[in-house]
Amino acid sequence: MESVLSKYEDQITIFTDYLEEYPDTDELVWILGKQHLLKTEKSKLLSDISARLWFTYRRKFSPIGGTGPSSDAGWGCMLRCGQMMLAQALICRHLGRDWSWEKQKEQPKEYQRILQCFLDRKDCCYSIHQMAQMGVGEGKSIGEWFGPNTVAQVLKKLALFDEWNSLAVYVSMDNTVVIEDIKKMCRVLPLSADTAGDRPPDSLTASNQSKGTSAYCSAWKPLLLIVPLRLGINQINPVYVDAFKECFKMPQSLGALGGKPNNAYYFIGFLGDELIFLDPHTTQTFVDTEENGTVNDQTFHCLQSPQRMNILNLDPSVALGFFCKEEKDFDNWCSLVQKEILKENLRMFELVQKHPSHWPPFVPPAKPEVTTTGAEFIDSTEQLEEFDLEEDFEILSV
């Protein structure tokens with residue numbers, strides 16, 4: 001009983017220290033599209049931050065590829081940040097942005113299933129094993145440090161094998177987001193006997209839409225949108241600061257990947273000119289499923305004070321993330337970008353309606369033909385030959 005009380009008191013101390021570290025100010029804190037008034041809502045702020053899934057270095061997992069490393073300490077921080085961004089997208093997809101986590105409280109089955117996607121086992125679809133081995137197809141050796149764009153490309157390819165979450169992952173190119181390409185990728189016909197074939201001709205679709213019918217009404221595949229950027233040469237250009245902060249205010253925000261060379265962080269919000277981030281640079285022991293099939297999640301939530309960094313100390317190479325569960329969410333995001341991002345004289349990125357004529361034709365990514373199922377698809381790097389090697393756009397200097 002004393003040990004239980006001691007543990008509880010220690011937790012109270014952590015929370016108190018956390019709350020006292022934030023200044024008594026009237027400024028708003030923005031966390032992934034939600035605002036908190038620091039002076040009166042510190043406990044809500046704590047609850048919101050601690051609800052984010054926190055992935056860190058792990059040790060004592062099965063060797064990657066059978067003979068590779070059994071810990072990602074020292075090299076896996078950007079992969080862990082990518083996991084955190086994707087996990088937030090899955091939380092929004094299945095549980096909603098307003099879902100909250102409480103320690104030792106029974107959680108929805110969807111939460112447990114999301115968590116199991118990221119366990120450090122080769123049969124988990126977004127495990128460190130799968131990400132590291134998929135990185136080989138992006139020119140990265142297992143155990144080599146990744147940049148944000150490489151992680152984005154890896155997530156895009158792994159998502160093709162993830163039928164349960166069924167995400168469309170779009171990674172922008174040349175600082176440009178193309179609306180036409182995203183809608184082509186995300187609009188899918190309902191799976192039925194009548195609509196399982198090819199998409200109807202444009203003329204027929206337009207005709208039905210004009211009549212207000214739903215005979216060929218398309219469904220929307222939830223979108224994970226990642227925008228890799230370079231916001232300066234050696235340091236972030238101050239002209240981008242306001243636009244960068246605006247992205248954390250958008251309801252579609254998944255935060256940003258970035259940090260400093262060889263030190264990746266997952267940025268989830270800001271207070272004034274300070275960015276708030278979750279730090280993966282803590283090495284914890286591998287956690288597996290228990291006998292009842294659940295995962296002990298106590299080490300997957302950060303109950304200590306998240307760190308802060310002045311935005312001007314951020315390395316200029318970053319990747320923004322956004323989640324659009326429905327088409328209306330994407331349309332709203334486009335409106336916000338046009339209002340808040342494109343108004344700047346020096347734009348952080350471009351949003352265009354049509355596919356640029358000088359680009360290669362856009363082909364929505366498709367699952368390669370490999371004779372495996374689900375998350376078990378990569379057992380060796382030989383299978384990576386099914387993927388085309390994309391140009392490596394490393395955006396954090398090593």
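Placed from the backbone N, Cα and C atoms, the Cβ positions cover glycine too.
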Of 85-88, 177-180, 185-188, 393-396, the range Swiss-Prot labels motif 'LIR': 393-396
Distance, His281 (active site) to Cys77 (active site, nucleophile) (CA atoms, angstrom): 7
Residues satisfying Cβ distance under 8 Å from Asp279 (active site), sequence separation of at least 6: Thr56, Tyr265, Pro306, Gln307
